[in-house]
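Features as listed in TrEMBL:
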BINDING   K68, V69, K70, T177, N284, F285, R286, K304  ATP binding site
DISULFID  C117-C156  disulfide bond
DISULFID  C208-C218  disulfide bond
DISULFID  C252-C261  disulfide bond
TRANSMEM  28-48  transmembrane segment
Amino acid sequence: MGGCSSQSCHRCFFEYETERMIVVKSKVVGSVFRLIQFLILFYVIGYVCVVQKSYQETDSVISSVTTKVKGTGFTNTSDLGGRVWDVADYNIPPQGESSFFVLTNMIVTPNQTQSTCPEVSSMFSNRITLLKKGIQTGLCMNYSETVKTCEVLSWCPLEIDINLPEHALLVAAEDFTVLIKNSVTYPKFNFHKRNILPDVNSSYLKQCEFNRKTDPDCPIFRLKDMVSEAEEDFQTMATRGGVLGIMIDWNCDLDWPEHYCGPKYSFRRLDNKIPENNVAPGYNFRFAKYYKTTDGRETRTLIKAYGIRFDVIVFGTAGKFNMVPTIVNVGAALTFLSLVSSVKWSHLQNTHYL
């Protein structure tokens with residue numbers, strides 16, 4: 001149909017155009033045409049609908065986590081003697097935001113008082129290096145028979161933290177357990193659930209332990225098992241410490257019954273242990289326990305604590321059928337199919353089939 005002049009635009013407004021329909025009897029052209037149609041349908045149905053579930057409305061998870069560690073260990077060192085460690089000693093601090101720390105190794109400096117003492121020195125590559133851990137007074141003191149160092153005002157005697165035990169002192173930590181309580185919400189769908197399932201009772205929690213094959217719903221985890229699933233050796237990691245991630249996956253398809261939506265656990269080491277970049281490896285920090293002597297003098301025991309920090313990371317997305325995304329994706333599929341004919345028509349004209 002020809003174009004419309006400015007004088008007859010009102011006539012064109014009420015006209016309707018259609019494309020010519022031509023049947024091309026060619027096995028090659030027909031086969032290519034049907035193949036393209038099949039690929040588009042396979043993409044829309046197989047990938048967009050089945051894999052991506054684009055017919056669903058989605059929402060991101062909102063989560064809260066609390067943990068409770070249990071276990072008792074025993075150490076026998078020259079600084080502390082024989083000592084029993086319970087959760088109040090090795091779980092530092094007692095409460096964390098989606099994380100907890102378990103003490104596994106330590107350097108202990110007992111009976112420190114506020115006084116003056118010689119600055120600690122250490123030998124690195126035949127060179128004496130001062131480990132500055134106090135306020136210098138300007139005086140010199142004999143650190144040893146052959147070495148003099150500056151006098152410092154500090155907690156004395158100063159900590160010497162270069163002789164870390166080669167094996168973790170709190171070896172029993174591998175058998176400690178942790179109860180992880182995780183609640184999740186998908187507010188868009190008014191969906192709430194916990195990792196402690198509705199059919200779980202107190203007697204079950206007292207005796208269960210997470211096992212991926214035999215007891216995957218138990219929320220109580222043995223520390224060694226988590227480290228092993230992250231393909232790490234617990235005792236090796238416990239010597240210098242590290243950071244382990246506890247991943248809880250709450251990806252849910254809410255078109256299915258609620259009991260199909262449950263947590264999936266995985267474990268991964270998060271701190272850097274690359275041999276080429278092993279400066280300051282592991283995980284450690286210091287804390288002190290303070291006392292007063294009978295004469296009222298303040299003393300303390302300084303502990304450089306090495307251990308494993310466990311970070312609980314919760315993630316997930318929920319989806320549920322919604323008409324709007326369904327119409328959008330069906331419309332997109334029909335558009336793709338209609339484009340096949342247009343592309344094919346242009347190709348036929350260019351290759352002189354017509």
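The backbone N, Cα and C atoms fix where each Cβ goes, and this holds for glycine too.
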**Residues satisfying Cβ distance under 8 Å from N284 (ATP binding site), sequence separation of at least 6** = R240, G241, K304, A305, Y306, G307
**Request:** Across all the protein chains here, work out how many other Cβ atoms are within 10 Å of the Cβ of R286 (ATP binding site).
**Result:** 13
**Fill in**
Whole-Å Cα distance, V69 (ATP binding site) to C218 (disulfide bond), is 15
**Asked** Under a criterion of Cβ-Cβ distance under 8 Å and sequence separation of at least 6, what residues of the same chain contact F285 (ATP binding site)?
**Response** K304, A305
**Request:** Among K68, V69, K70, T177, N284, F285, R286, K304, the annotated ATP contacts, find the widest CA pair distance and round it to a whole Å.
**Result:** 24
**Prompt:** Are there residues of the same chain, six or more positions away from C252 (disulfide bond), whose CB falls under 8 angstroms from its CB, and which are they?
**Reply:** Y186, F191, Y260, C261, G316, T317, A318, G319
**Complete:** For R286 (ATP binding site), the spatially nearest of the disulfide-bonded residues C117, C156, C208, C218, using Cα atoms, is C156
